[in-house]
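A.B. asks: Annotation comment: TrEMBL describes B:74-255 as domain 'ABC transmembrane type-1'. Under the heading transmembrane segment, TrEMBL lists B:27-50, B:70-100, B:112-133, B:139-159, B:192-215, B:235-254.
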Amino acid sequence: MKPLLELESVSYAYHSLSGETPALNNISFDVKEGEFIAIVGPSGCGKSTLLSLIAGLISPELGDIKINGTNVSNARASIGYMLQRDHLFEWRSIYKNVILGLEIQKKLTQEYLDSVNEMLINYGLEAFKDKRPSELSGGMRQRAALIRTLALKPSILLLDEPFSALDYQTRLTVSDDIGCIIKKEKKTAILVTHDLSEAISLGDKVIVLSKRPATIKSIFPIEFALENKTPLACRNAPEFKDYFNAIWKELNDYE
Amino acid sequence: MNDISIRQLEFIKQKTKYRRSVTRYRIAIFFAFIIIWQLTASFGIIDSFIFSSPIKIFACFYSMLKDGTILHHIFITLTETFLSFFLVIVIGILISVILWSNEKLSKILEPYLVVLNSLPKSALAPLLIVWLGANMRTIIVAGISVAIFGTIINLYTGFKEVNLDKIKLIYTLGGNKTNVLLKVVLPSSIPIIISTMKVNIGLSLVGVVIGEFLAARKGLGYLIIYGSQVFKLDWVIMSIVILCIIAMLLYKAINLLEKMYLKHI
C-alpha cells in the first residue's frame, strides 16, 4: 500500500541576522492511512517546525513532503492542524467557532454542517452550542477545537502538544477522550509531544528525535495485547513500562 | 434570601456605603463651587464682569435659548465634532489596515507618523484656513488633524499585538490574509477601537474649537473668541461650561457603547 504521507530527507533552518539555526536535518518517514504517529524529542528540537512543514505553512529548504504523491503546498486543505491552545474566539459562540474553518473555505454546505452537528451531539457539546468559550471547561474547549479541525474532513490530523495547556488530571481524561474520537473517526494523525506516556498510549508508532538540529534517532512500533485499546487502558498494560523505559533511554542517550 | 450569609450582606452594605459616599462628595464639590462662585460675585469679592456668576450665566443662556441662537451654536459645534470624529475613526481604521497588511510600508512611514503625531496641531490651523478657506471644511479638517495620527499609531500597534497563534490558526484552516484581518485582527481589536474612540471624541472637540477660534462665524469656539473681543465674558464662560457638559455627555455616550458591546459579548 502506498503511504498517505511521505517525508523525503527534509531539512529546515531558521535565519536571522545573527546567524542560521538549523532545526531539522534530513528527516524521512512515511505515514500510512489510519496510522497514529507520535513524535517525541527534547524541548526546542524542532517538533513544531516539523508540523508546520507538513501543514504546508512553511516550505522545506531541502527535501520533499508529499501527500498521496502530490506536494503539500498544493494539498493544504486536506490537513487539519490542532495547536497547543484551543484558541477558541471569545467573540464567537461555540458553534460559530466550530464552523470557522468551513466559513473560511466557503464550505457551509448542508453536508458539512450535518457532520458538524453530528459531532457536536456525539461528543457532548450540543447543549453548549450557543455558549461562549469561557463558559466551558478546558476539556470541553479542547473537544470543540478538535471538532473545528475535523469539520473540514482532513485526511491527516496534526496535533501539536494539544494537551500541554491542561492540568494533569484533565490532561489524562482529555487525551483519552481525544484519542478515542480520532480512532473512531478513523483519522490518520501525527502527534507531537514531550510527554512519553502520552506518546506511547496514543501512538501506533513513536518516532524519537534527537536534539536540535533534529534527526530521527529511532522509530518504535507500539503494540499492546489489548482488546479494547483505549489510551487509558494502554497506560495500565504491562508492556507500557517496557516501552517507556526503552524510549526514555533512547531520549537520554546523547553522545 | 436565606443563602446569603450575614458577612456577605455586611460586605455588600459596606461597598454600597462607600460608593454612595463618593457620589455625595462629587455632588457636594459641584454645589460648593457654584455657591461660592455666586456668593463671592454677589458680595463683590470677585468682579462679576470678568468672572461672571452662575446666575448671570444662566440668565444669559436663557435669553439666548429664547431667540434660539445658542442652540444653533451648539448644533454647529456638535455637527462638526461628530463629522470629524467619524472621519477619524473611518480613516484611522482604513490606514491602520493598510499599514498592517504592508509591513514594509509601515516601516517606511513610521518616522513620519511619529513626527506628525507629536506636532502641535493648533500650529496647522492658520495654514488650513489659507488652504481651505474660512469655512466648515477647515474646522472639520482641524478636528481630524488633532486626532488622526494618534489613532493610526494606536490602532496599528493594537493590530500588531494580536496573538500570533490565533493568526496561525486561520492559516491552518486554509485561510489567507484577508481572513486573518476579518476573522481575527478586527474582531479582537474592537476593545482597542472603542478605547481609541473614547480619546478621540474629546480630541475632535478640541480640534473643532481651535478651528472655530480662527475660521468661523458660528459655533461655541466662535462665541468664545467673539465674546472675549467684545468683552461679553458671560458668553465666554457660558460657552466653556457648555463645552464641559458636551465633553462629559460625549464621553458617557462612548462608555454606553462600550457597555453595550461588553454585554453583547
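Glycine is no exception: its Cβ is also placed from the backbone N, Cα and C atoms.
Predicted automatically and left uncurated, TrEMBL annotations should be read as such.
Map the listed features onto the structure and describe their local environment.
C.D. replies: Tertiary proximity for the transmembrane segment (B:27-50) is limited to same-chain residues at least six positions away from its ends with a CB under 8 Å from its CB atoms, namely 56, 233.
Sequence-distant contacts of the transmembrane segment (B:139-159), counting only residues of its own chain at least 6 positions beyond either end whose CB sits under 8 Å from a CB of the stretch, comprise 80-81, 83-85, 87-89, 91-93, 95-97, 99-100, 106, 113-114, 116-117, 121, 124-125, 128, 132, 185, 189, 192-193, 196, 199-200, 203-208, 210-212, 215-216, 219.
Listed by sequence, the residues of this chain that lie at least six past the ends of the transmembrane segment (B:192-215) yet keep a Cβ under 8 A from its Cβ atoms are 77, 80-81, 84-85, 88-89, 92-93, 121-122, 125-126, 128-129, 133-135, 138-147, 150-151, 154-155, 158, 221-222, 224-225, 243, 246-247, 250-251, 253-255, 257-258, 261.
Proximity of distant same-chain residues to the transmembrane segment (B:235-254), defined by a Cβ-Cβ separation under 8 Å and at least 6 residues beyond the stretch ends, is recorded for 51-52, 57, 60-61, 70, 73-74, 77-78, 81, 194, 197-198, 201-202, 205, 209, 220-221, 223-224, 226-228.
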